[in-house]
Amino acid sequence: MMPFLQITDLDKTFGGLRAVDDFHMSLDAGSLTAIVGPNGCGKSTLFNLITGALTPDRGTILFKGRDITGLPPHKIARLGIGRKFQVPAVFGELSVRENLALPAMKGRITSIRNDTNNARTTAILDQVLLTDKADWKAEHLSHGEKQWLEIGMLLAQAPELILLDEPTAGMTAAETAATAALIRQINQTGGITVLVIEHDIRFIEQLECPLLVMAKGQILKSGNFQSIRQDEQVQELYFGRTEAPHA
Amino acid sequence: MGNNLVTVAIFAALAALPLFAGDYWTGQFTYYLIYGLFALSLSLVWGYGGILCLGQAIFFGTGGYLMAIVTKGMIFPDLTNSYLGLLVAITGPALLALALGWFLFAGRGIGGAYLAIVTLAIAVVLERLMSNWYALGGYNGLLDIPPLDIGLFGYSYELWDALPTYYVILAIVVTLFLALNILTRSSFGLVLTALRNHPDRLAFFGFSVLQIKLVVFAASAALAGLSGALFVTVDGFVSPTLIGFSLSTEVLIWVAIGGKEMLLAAFLGALLTRFSEGWLSELFGDFWTLILGLAFMASVVLLPRGLIATPLQALTRRRRPTPPPS
């Protein structure tokens, strides 16, 4: 079977820095995968390359067999790839409901009607626990709520692949656990393929998914949480040699 | 909504105005309405689209010149129809905006202060160009532009008198004002707000930011072109000042004083500033511009949403659940 997302020979250099270096990866449809790695290992650059924010120097990215390398971001988004940014990127002046209506348009203004109150929006509001605040301006939400709203916006976009860049950055422990549960739910019941970038160990453990360890622009190791955690090379690189990670 | 009530009251007052005001003031307010329409065009692109165009008179002046060229029969002496003139004066500036916008917004594009400076420079260049283009009257401009002929099916009805002119212009302005209100509350308005808020994010939801910017820039230019065309039919005269620096900054001041994010406020900003100019300049002479400058600074520093929009919003606050103060 053809891989859902297949990346081969991907290179991206900034000045003298090889941010992504001969990178290979493939994801199966319906999978949930996390990429972990220290700051500066090339994780966010990888997302920028997949979503078209950056053009690779070399290599190809195939999405469902189609070459999307170097396409502009809006075209990649229309093909069914959604992306969540590290800093919550919601539209502050719009209401929560409007924030969900916008991605549901999928980049095309087909009707003059401003449809913000439909069954789908209501279901998503419910899923991201923002029903009570549906008419609030997004700028008035708390940080954690904004993160959830952005996840809701991705759902409204109805993508087949979701890329999440540190979705729990700045969240409390309870919020982090709830977010992990939400992401598993999106993946399992929604059938959406999910790729997460994260370096919060608690969160990664709660995702209960295969991990890829990234370092210096390449995949260093892959495996489940336990095997990665016990890997010496990974400990040295990521957790620090002698210290075991704190839960 | 209270908002609609205020709008109706204001336009009703404008409709009733000729009953109380004499021909002179009716004539003056015809100009003010056109300036109001021009202000609406800037409010659309700047207040809603977040694109600060400091050379909005480019499109006003282009519309004015095109209207003059067509209705004076300077190219086709037999085709001087007002409707044709309006059509050319609307599509011409829109096409100019598309071409300009493509250079300004394509690729990474420019924005903010850079965009403002470039558009301002273009306005200055065009003003110089028109001053030296002798076939189009050069510095003196073009005289004897015929008034608007609103006749249909071979009948002719030229707008010479103050009263019918006023009502025709008012009808056009009201129609476009309502259309703009529908547009900004539609899904397109939603996208525009998002564009102003977070342009980079929009692309990742599948929106072509270039396309949206071009559409709003061209729509705004079309409106500005129409106001320029209406202006020259009322004034009978087009000159390089209509395309240049000072009108570009003036409209910016009207819109900033009124409130750029609220169509009604931007419109009233133009009307009230021009109206005040009349009697304040009589009272204070040249100090009038000082007062205008102070009002502009006050609106930028103290009430960035606008001197008119702020009280209007307080008056018409929509009842929507607002978060408790944290």
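Cβ atoms here come from the backbone N, Cα and C positions, even for glycine.
A TrEMBL annotation is a machine prediction, not a hand-curated record.
Summarising the annotation, TrEMBL assigns transmembrane segment to B:58-77 (among others).
What TrEMBL lists as transmembrane segment is B:83-105 (among others). Sequence-distant contacts of the transmembrane segment (B:83-105), counting only residues of its own chain at least 6 positions beyond either end whose CB sits under 8 Å from a CB of the stretch, comprise 58-59, 62-64, 66-67, 70-71, 115, 118-119, 122, 209-210, 213-214, 217-222, 224-226, 228-229.
Here the transmembrane segment (B:112-130) has Cβ contacts under 8 Å with residues 51-58, 61-62, 65, 100, 104, 136, 138, 141, 239-241, 243-245, 248 of the same chain, all six or more residues outside its ends. The transmembrane segment annotation in TrEMBL covers B:112-130 (among others).
Residues annotated as transmembrane segment in TrEMBL: B:165-183 (among others). With a threshold of 8 Å between CB atoms, the same-chain residues lying at least 6 positions outside the transmembrane segment (B:165-183) that come near it are 7, 11, 14-15, 17-18, 26-27, 29-30, 33-34, 36-37, 40, 44, 147-148, 150, 159, 189, 223, 226, 230, 234, 263-264, 267.
Same-chain residues lying 6+ beyond the ends of the transmembrane segment (B:204-231) with a Cβ under 8 Å from its Cβ atoms: 31, 34-35, 37-38, 40-42, 44-45, 48-49, 51, 53, 56-67, 85-86, 89-98, 100-102, 105-106, 109, 148, 169, 172, 176, 191-192, 194-195, 242. Taken from TrEMBL, the feature transmembrane segment applies to B:204-231 (among others).
The annotation transmembrane segment is assigned in TrEMBL to B:237-256 (among others). Within the same chain, residues 35, 38-39, 42-43, 46-47, 54-58, 60-62, 64-65, 67-68, 119-120, 123-124, 126-128, 130-131, 137, 139-143, 145, 228, 231, 266, 269-270, 273-274, 292, 296, 299-300, 306 sit at least 6 positions outside the transmembrane segment (B:237-256) and bring their C-beta atoms closer than 8 Å to a C-beta of that stretch.
Residues annotated as transmembrane segment in TrEMBL: B:287-308 (among others).
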